[in-house]
């Protein structure tokens, strides 16, 4: 592409840029296939992978012949300088439109590198992010720095609720601890603020365009995530904290808290971007496995807690795994005949949760030791379902490990 009129020093600089994996820009004279000389503004940028190794170079070229001294080649030899300049302007008319300076609003959205780093979307910014859509003052762009940072906060709090909600519902914990009550109330307030922000945040339409009309934004949010987000931010913990709340109403409020787990659908869509990184895939698989084991542990305890007392005779079922655990660790259940007339005692909640998690972990990994075993029909049915889940999870692990190993063999 270069010839007799190309500056040799510029050629050496370009070669040195590629050899040293640097980013640089040049004004260089190159030649087309028909040997027509053309001035180009060349930009070189190295592209690195997750291991900080350069895998390719991104080179962009812009025709700047119109701004340079007219070139005298064989086809224009003998022409006047005015004639050569006229030919250059005619051939490069489209270049003037490409090199027109951007307006201020476009420049203001180009420099937002933090938003690009935090955005859990595609590696290459879509075309609508290269532009500057005109939005009303109270409308927030969904890819701006503030909104992407806020989405990270919501993502972390969603994981928090995915862990705490099943535990609180299964173990029927009333938040009498002031610290936890304040923390959960702050989470509820943040989810409420998120609802308000979603009513003022742009979204991408079916054609890839940015929708900034307030009426369309509200209608879209009301049709999609509004109901789930509203049920997620209701202060169930504050209601359950009152001692005079009816037990049935309290159980209803606790059950409604499970709706918060539907917010994980948003998390799944955002984390899809990280499936191309090997280390991120392994971390996500471990987190998913631990989260599934936690949920199953809460269900396993709920089954035992429901079946341990025979409601017809008010007697304790000795075949229940909770009764067997209480006997084995020396904290048996006892009937309070003189007081409440109910069964009391038994293992502490911490012991019950750890034992439940231990059983689900050993069942999912098919390393059951038999010290905690299903006895009743309900426990056996749940154990069969858990074994099927345990079969599916290792299959996915093997698939991703084989995929990652093949990538390592191909690219080192």
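Even glycines carry a Cβ here, placed using N, Cα and C.
In TrEMBL, the feature transmembrane segment is placed on 277-301, out of the ranges 277-301, 302-326, 327-351. Same-chain neighbours of the transmembrane segment (352-375): 167, 171, 289, 292-294, 296-298, 300-301, 319-322, 324-325, 328, 346, 382-383, 386-387, 389-390, 393, counting only residues six or more beyond its ends whose CB sits under 8 Å from a CB of the stretch. Listed by sequence, the residues of this chain that lie at least six past the ends of the transmembrane segment (178-197) yet keep a Cβ under 8 A from its Cβ atoms are 140, 147, 150, 153-154, 157, 160-161, 164, 226, 229-230, 232-235, 237-238, 241.
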